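These features come from TrEMBL:
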type	residues	note
DOMAIN	116-237	domain 'Palmitoyltransferase DHHC'
REGION	297-344	region 'Disordered'
TRANSMEM	12-35	transmembrane segment
TRANSMEM	41-60	transmembrane segment
TRANSMEM	160-184	transmembrane segment
TRANSMEM	204-228	transmembrane segment
Amino acid sequence: MWCWRAFKWLPVLLVVSIITWSYYAYVIQLCIFTIESTVQQCIYLIVYHILLIMFCWSYWRTIFADIKAIPEKYKLPEEELERLLSAESEDAQRTILENFAKDLPIVTRTMSGSVRYCNRCVLVKPDRAHHCSICSRCVLKMDHHCPWVNNCVCFHNYKFFMLFLGYALLYCLFVMSTCLPYFIKFWKGDFGAAANTGRYHIVFAFFVALMFATTLGSLFGYHCYLVAHNRTTLEAFRAPMFRGGADKNGFSIGAFNNFKEVFGNSPNLWMVPVFTSLGDGCEYPVRREHQLQTFTAQDGHGYESMGTTRSSAEGDRETESYGDGIVYPLPQPDEDTESLLSSERWDRWGERARPFDERESSSYDEL
């Protein structure tokens, strides 16, 4: 097990190694040994270090972000779990889950219209949450598991991930553009006094920056598109299912509001890798038709315009309004991280099938 854990850090170590080498190639070989103008050296070094600090800061926050557990209210109590496992049919199991989830603020369903339930974590999945097979847990607003950060990209670090891509792209473009004149000199055989082994570091830095800028530009552009349309990578491949059917734009509330949902309301902090995303990761504003199809407005129930789904259990919960009628729940305080992931809970049930087992479809665990 420890070998696998160590192996998962190899991509991160590779990235750190490339950054370390690029620092040597750019600062030592280019700025100190090659560039003769002191003013040019100062300008290059100041801009370079600003981009490097923001790049590394965002990368650090993406890797070591505190990925919080699913709130306890979504986890089945012991008695409910026993009833679920003792049910004689899948229809009975669906009924038990529907009754348990009736006061939970969820609007998405499986493709068959059932409550999204995770067998492994023994919980009803909040909207946009998915089970990560690598992390072995359900993750709020999961986008994907990224081996380059050895972490899930999700609600708790998606802003950091976007900033990491953006600053990494700027870093590569800056290194590439400032190394380009010296690459041209090298190509023409006119590298001047720098005609030693150090020139190969500069040329190689140009090619590495070009290669990564091409890749990062495509990835960053794709995620900008996802942010503008309020989708995750998983939702882009398979649209979320509501009671009225699949809707790839079900969580979209307008491009600017979608942007603020990830980056927050304070423009001064948009480009800084500190957590400012709106909401608690469990409830999200949805389009009006999905609100009306999910709950019937009654006393103590209802919605704000383009607001989150609200149930009777959530009626008195604190929320924050951010204009345009959009309401987000306040982030939850740290809760007991003890989860129901342990397989020991299932041992006493012998060979009995788990609810919605893979004999029918694996989609219950993956959607």
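Every residue, even glycine, has its Cβ placed from backbone N, Cα and C.
Same-chain residues lying 6 or more positions outside the transmembrane segment (12-35) and placing a CB less than 8 Å from one of its CB atoms are 41, 44-45, 48, 52, 55-56, 59, 63, 148-150, 175, 178-179, 182, 194, 198-199, 201-202, 204-205, 208-209.
Across the range of the domain 'Palmitoyltransferase DHHC' (116-237), the DSSP-based residue counts are 71 helix, 16 strand, 35 coil. Each residue in the domain 'Palmitoyltransferase DHHC' (116-237) has a pLDDT score, and their mean in this model is 93.
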